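Trainee: Below are the features I grabbed from TrEMBL:
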type: DOMAIN; residues: 39-74; note: domain 'EF-hand'
type: BINDING; residues: D52, D54, S56, Y58, E63; note: Ca(2+) 1 binding site
type: DOMAIN; residues: 78-109; note: domain 'EF-hand'
type: BINDING; residues: D91, D93, D95, K97, E102; note: Ca(2+) 2 binding site
Amino acid sequence: MSITDVLSAADIAAALEECQDPDSFNHKKFFETSGLSKMSASQVKDIFRFIDNDQSGYLDEEELKFFLQKFESGARVLTSSETKSLLEAADNDGDGKIGADEFQEMVHS
């Protein structure tokens with residue numbers, strides 16, 4: 001599966017353009033611009049599985065650092081503060097990682 005099978009390349013490009021500068025990533029704005037927030041819960045979970053490199057069922061801080069690169073390989077790496085902010089926005093149970101349900105809830109919040 002490619003991310004562009006589910007999201008439009010133009011929407012992804014626009015979302016990446018908005019956060020190309022370090023410390024400019026805003027997950028809510030990214031989800032809205034990319035079209036993720038308009039997707040069904042099952043489609044968001046499909047995207048989650050695509051982002052989950054090791055297929056552990058969770059996104060950890062290391063995977064989140066490369067979050068934007070899952071949408072376009074040439075995208076920048078998230079800064080440490082952006083990674084922590086993304087993790088804190090979704091980690092409802094405080095286990096230091098984001099599960100598929102937590103990810104879906106964050107995207108639709």
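Any Cβ shown, glycine's included, is placed from N, Cα and C.
TrEMBL does not curate its annotations; it predicts them automatically.
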Trainee: Give the distance between the Cα atoms of D91 (Ca(2+) 2 binding site) and D52 (Ca(2+) 1 binding site), rounded to the nearest whole Å.
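Mentor: That separation, Cα to Cα, works out to 15 Å.
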Trainee: Taking the centroid of the Cβ atoms of D52, D54, S56, Y58, E63 as the Ca(2+) 1 site, which other residues of that chain lie with their Cβ within 8 Å of it, listed in sequence order?
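Mentor: For the Ca(2+) 1 site the neighbour list reads N53, Q55, G57, L59, D60, K97.
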Trainee: Out of the binding-site residues D93, K97, E102, give me the one sitting nearest to S56 (Ca(2+) 1 binding site) by CA distance.
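Mentor: Closest by Cα distance to S56 (Ca(2+) 1 binding site) among the binding-site residues D93, K97, E102: K97.
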Trainee: Between the Cα atoms of E102 (Ca(2+) 2 binding site) and Y58 (Ca(2+) 1 binding site), find the distance and write it as a whole number of Å.
Mentor: 9
Trainee: Name them in sequence order: residues not among D91, D93, D95, K97, E102 whose Cβ is within 8 Å of the mean position of the Cβ atoms defining the Ca(2+) 2 site.
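Mentor: Residues close to the Ca(2+) 2 site, other than D91, D93, D95, K97, E102: Y58, A90, N92, G94, G96, I98, G99.
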